[in-house]
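These features come from TrEMBL:
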| type | residues | note |
| --- | --- | --- |
| SIGNAL | 1-22 | signal peptide |
| DOMAIN | 129-437 | domain 'Peptidase A1' |
| ACT_SITE | D147 | active site |
| ACT_SITE | D329 | active site |
| DISULFID | C361-C400 | disulfide bond |
Amino acid sequence: MPWPRETPDVSMLCRALMLVHATPLPSDRSENPKARIIPIANRHVIARQARTYDSVQDAKREVQKMMKRTQRFAERMERSGLRVDGAVSKRDYSVASEPYDISQLRRLTKTKRQGSATDPLNNYMDTKVYGDLSVGTPAQTITVQFDTGSSDLLIPVSDCTPCVSPFFEPRNSNTFSNLDQAFNTSFAGGSTAVGYLASDTVSLRDLSVENQIFAIITEASSDFDGPNSGLIGFGFQSAAVSHAVPWFINLANEGKLASNVASFYISRQEAAGSEACVGCIDSAKFTGEPEYFPLYPGNASQNDWTIVTQGMTYDNKPVLDEPLVSAFDTGGPPTKVAKALHSHIPGSRYDKDIQGYTFPCDKASSIAPIGWMFGSSSTVFNIHPSQLNLGEVEKGSNKCLSAIFATDEWSIGLIGDAFLSSWYSIFDYGNLRMGFAAAV
């Protein structure tokens, strides 16, 4: 294994925010391809405070929720014909030309009239990122969660329980079509949504897809009780319950993007300035050059944003030199990796009652940086030690729950959305790769 090169710290492996993919797309472009920068008003995305669980059972439920996400991710891989019960091999892939930088795009705008626009998004309580989306003709504004762990577009109507407004009113849209097909889905965290499939025009400012297929939601779990009303998935079409081409991928297929990438900057501690750059890269939001890693498996079987990692590090030193598949979603590494990692953490042990790892709360400050290494790179993408702590397992306890979970059956790892708070992240589905650079 190459000796690791230290890099800036990054936040914990919890609370997912995976982002965008499609299978390889056509290279042709429309007359006026566009890019869109979407500002994000941040809330609690990096400054996640360690909580105190009401009881050991509450802490156990937290672990079980993460394990359920891991299981569903593994099952999706297996359905694609990929092995998840053993280590994978690191592979090098050829890559195409670099995507557009936003500074170049702005210069092109002056000559080719390629527009750009902004639309505010919000991050709520370290659990979801949401913003406005327009549906129908005339346009109706819906707030939707941006979810990279799913691939469907879910839009609630006024009779949905316990959904919150703003709602979409199909009868007020001239372009709405009911497809007369039932829809029922569940998410890895246990959320559910029921309704029927429909189609209509769906837009983010003037990035618009006509006849976009989505689900009208008439009943949903309590997780849909706000602050956003709907959800838009940025995953692969192969993972869509509706089997519909996701909205973002349709934009690319129709040649409406200046470059087939989506890149994200998440500011720290609720500060202003976060953004999603659709069809572009904003070089003002990071330092240095992005480092790219090919997707795994990098072919038509792709279901999630997955890349091969070398394993994990403690204090910038490898704890286990074995490649595994990692995806950008909530969860944890295989048992053998988690065990090796926690063996370096003072006082850490596996708690059978909780089914997760704990460590003494009063020793949290002595924990060294923890990180991941991707592909064949020597870069270490560190997790800030303070973000390892999910909180006391119960009030008055000196036992804190680790944010790094273990899976018994699969050589897979899942990395949480707080990664995006320290690393500018580029999701390049045109070249089937991911890129990271130190965020400003």
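Keep in mind that glycine also has a Cβ here, set from the backbone N, Cα and C atoms.
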So D147 (active site), by the Cβ count within 10 Å over all chains shown, scores 26
Counting other C-beta atoms within 10 angstroms, the emptiest spot among the disulfide-bonded residues C361, C400 is C361
What DSSP gives for C361 (disulfide bond), in three states, is helix
Rounded Cα distance in angstrom between D147 (active site) and C361 (disulfide bond) is 32
On average, residues of the domain 'Peptidase A1' (129-437) score a pLDDT of 84
